[in-house]
Amino acid sequence: MEITYASPSASDLLRSSTAASGSTMPTPRTIKIIPLQHPDTSSYGSPGGFGNNSSSSSLWPNSWISRFRGKIRRMTFIDWIEMFLPCCRWIRTYRWREYFQVDLMAGTTVGIMLVPQAMSYAKLAGLEPIYGLYSGFVPIFIYAIFGSSRQLAIGPVALVSLLVSNVLSGIAESSDALYTELAILLALMVGILECIMGLLRLGWLIRFISHSVISGFTTASAVVIALSQAKYFLGYDIDRSSEIVPIIKSIIAGSDEFSWPPFVMGSTILAIIQTMKFLGKSRKHLRFLRAMGPLTAVVLGTTFVKIYHPSSITLVGDIPQGLPSFSIPKSFQYAKSLISTAVLITGVAILESVGIAKALAAKNGYELDSNQELFGLGVANIFGSFFSAYPTTGSFSRSAVNHESGAKTGLSGIITGSIMCCALLFLTPLFEYIPQCALAAIVISAVITLVDYEEAIFLWRVDKKDFLLWTITTTTTLFLGIEIGVLVGVGVSLAFVIHESANPHIAVLGRLPGTTVYRNIQQYPEAYTYNGIVIVRIDAPIYFANISYIKDRLREYEVVGNKSTKRGPEVERIYFVILELAPVTYIDASAVQALKDLHQEYKSRDIQIAISNPNQEVLLTLSKAGVVEMIGKEWYFVRVHDAVQVCLQHVQTMSPKASDPSHEKPSFFQRIMKQRREDLSVSELESGNSQMRSDSTQDDPQLEPLLSRRS
């Protein structure tokens, strides 16, 4: 509802101006504004009080507790079961005739894909191939029970394997038993960390790492992983490192030991895998070829070795047969040196696994809780460590194949685990003759897709800052190592966040012709401003880190005029600063104190602050701090247009034309036209429908807040 309102100080200004000039001023026209409801701090927290809202800062703990209690009361026994065992959600609604066939097909496809991949990734991690099979066995069953995603395929992945190799190679030799013990201990630490973050709902912390950092990190890691597998193609050993320069130097230094048989076999198998992958992606009826690539590589390589027995091609060797036994991880004295890697692997799990799990959940029409998903991954790693598994997480490629194969529930994961179980029980004697170059080809084929050059092109075209972040992360990871690369990338990413937060976007607003809408004058050049008034919109929360920048910009706007079209009475300087606070969701104590200082500074120069459209939380904070009374309740408005009308009414009294008694009197015709304009209804004028037929309206300061139309 609108009420007729004129600022109490308006009449005072008129009287003082009249007394000073000795002339009779015209009575200011009546303007209409929407009243702003001010908070009653005396009734704050009482029933029915303005501050009795759950968003109020001083009550948020109680509000959160009350909401939590209400949620607990509403939970049924089934809800409790599903919270601790998410698998019950799909078990209760399972449609055997509709789901079982596609789950069986998807689980079998992923299982066939996982067996050779698991052995390949174990070799990448510096472990025996059997530990890759162990890592693809128990964790899958545990995740099917505690995980909330129905399509995510977990197990060993290339990036985590590289991280394991990178940290453990500096502690022990890969042939030592300690190396294997530390890999298993790392799985336990990662699982515990993931569970803690899931239970405490701390997954949001990883949001501070931008997608550009992750893309740059995975791209550089993929290059390092591919080069680390070159030794199986070239036929001689190269230095193990997470930096590209030592690897390239080692490859060049040992070039005289090059052996062509493994190179030819590895290249041929890699070409076959890539061809099958391409056909599986490009033709729907050949989709099965994508998952069959790794198995085909193993079968072809093993068949060739069994027939020709080439001595120059190294084989996997003997693999223990049978299921892993239960054991507690050892070597806890090294836990401190593994913490940083455990945190990094957890971050990869949140960013990659949870990310793809949420995407698959959205595609399949069910909700997924990120923190519960993180807890499920943690439990899978903890139980996996008790059965000789190294850290596992969700796989991009296998999850995509699982989804494309039509998986509906977690039963597909149980089927995949069953295939791994059969492989451990019956097929390990056949794995003895798998060529190492075949496993290397599987790894290289998997990591090629992680080289995200398309993302770099996209970032260059869209946002140069994100492209710079991608470039910095990729370069530092390649040349300085994984840990330093991640730290630099995250550090630069946080620096960008802090810079954006400390230097928020601030816009000078102008009025769009024919409307009462005020927009950024840089975005809308046709918008016009008023002499003596600056309208500023702050597009961010105001707090200690950015208040100095905001004050500097306000002083700049006061001194430096904008280039937009100006209307209204001609005055020498700025008399009013209108702050549009609609985008401001929060203001802290430091900002409140700075606002008080700014008010005193403006007051000493006869400048009045007006506040437009503050939200409830901000207005309550200002009221409790005494800023509302300091500035004056009459200077708080619902709309920018309301503030402009009141401020413009005051500016009129300061116009030289209004106070100069020698100013030429208007003609009879001009007085008639002026009277006619003043008789128009306010609603008609503000709607922009009134027709201003005389160009003389452009020179009349009395009508500037109204909607004049220029010919």
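The chain as shown is numbered from 1 upward.
Using the three backbone atoms N, Cα and C, a Cβ is placed for every residue, glycine included.
Feature list (source: TrEMBL):
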- 684-695: compositional bias 'Polar residues' (COMPBIAS)
- 523-647: domain 'STAS' (DOMAIN)
- 679-711: region 'Disordered' (REGION)
- 99-118: transmembrane segment (TRANSMEM)
- 130-146: transmembrane segment (TRANSMEM)
- 153-172: transmembrane segment (TRANSMEM)
- 178-200: transmembrane segment (TRANSMEM)
- 288-308: transmembrane segment (TRANSMEM)
- 338-361: transmembrane segment (TRANSMEM)
- 373-390: transmembrane segment (TRANSMEM)
- 410-431: transmembrane segment (TRANSMEM)
- 438-461: transmembrane segment (TRANSMEM)
- 467-498: transmembrane segment (TRANSMEM)
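When Cβ distances are compared across the two stretches, the transmembrane segment (130-146) makes contact with the transmembrane segment (373-390), since 3 or more pairs at least 6 residues apart fall below 8 angstroms. Counted over residue pairs separated by six or more positions, the transmembrane segment (373-390) shares fewer than 3 Cβ pairs under 8 angstroms with the transmembrane segment (467-498), which leaves the two as not touching. Remote same-chain partners of the transmembrane segment (288-308), defined as residues 6 or more beyond its termini with a Cβ less than 8 Å from a stretch Cβ, comprise 109-110, 112-113, 115-117, 120, 265, 269, 272-274, 276-277, 279-281, 315, 401, 404-405, 430, 433-435, 437-439, 441-442, 445. Helix, strand and coil counts from DSSP across the domain 'STAS' (523-647) read 54 helix, 26 strand, 45 coil.
Within the same chain, residues 129, 132-133, 135-136, 153, 155-156, 288, 291-295, 297-298, 397-398, 401-402, 405-409, 411-420, 423, 427, 434, 438-439, 442, 446 sit at least 6 positions outside the transmembrane segment (99-118) and bring their C-beta atoms closer than 8 Å to a C-beta of that stretch.
Here the domain 'STAS' (523-647) returns a mean pLDDT of 88 for the predicted model.
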